[in-house]
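What follows is a short report on a single structure.
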Amino acid sequence: MWSILWVVTTLISIVAADPNMKELAGTWTSKSNTVFTGPGFYDPVDELLIQPDLPGISYSFTEDGHYEEALYRVTSNSQNHSCATAVLIYQHGTYEILNNGSLVMTPIAVDGRQLLSDPCGYSETESQYTRYVQPTWFKAYYVQVDSYSGKMKLQIYQFDGSLMQPLYLAYSPPLMLPTKALNPTDKASETKSSLRRKVKRSLENQYRTTAVKSFNYEKYDKYWWAAVGVIGIASASVFLH
């Protein structure tokens, strides 16, 4: 009996170990539920990073290999509470899932932006606005239904294997800015009006979705039929002996 259960568990784990772009597609946000990718975080026309109400992170992915990230982090200072630092980061680009299940994200170098507030360092009254480029490699990830909230949850393992805070599906299709370069530097660079049109088109699918509706029943059907098949074979073997 235990051998049968072991075979079933092993087979299910093999079926489950199938990372793909389709299951990543959508906009994911952290528990604060205040940080989302898209024009509500970064305005590429007027070069503005917009501060959310609370810190948090958000990632968006498309099924054809594009991503966007919005990060708002606050770091306290235990020696002086007035010296807390805050940073807003926007990046977008392309991503790929490697054969080992790791996730590699390559940003468009000219588009990354960072807004740093460091009252006891850089300036007490001004924030520092700069370009930002940081490729990202996540060791692994998995998508599952959160047992508490019933929402789809994305759990990411960072490059060192440590767990990132869980992310929950907020938008599907993803809420993103245009996936091409927003700030091209060549002679064919876009005017602000053409960029505005692109941003407007990118918002056509701006609507919320309950993550429960995005539950991937098709994938879990694989588990069911795999388990039924193994149990059937094992039962037949026991009967014949």
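Including glycine, each Cβ sits where the backbone N, Cα and C put it.
The following features are taken from Swiss-Prot:
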- ASN80: N-linked glycosylation site (CARBOHYD)
- ASN100: N-linked glycosylation site (CARBOHYD)
- 1-17: signal peptide (SIGNAL)
- 18-222: topological domain 'Lumenal' (TOPO_DOM)
- 223-240: transmembrane segment (TRANSMEM)
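The average pLDDT computed for the topological domain 'Lumenal' (18-222) is 86.
Cα of ASN80 (N-linked glycosylation site) to Cα of ASN100 (N-linked glycosylation site): a span of 44 Å.
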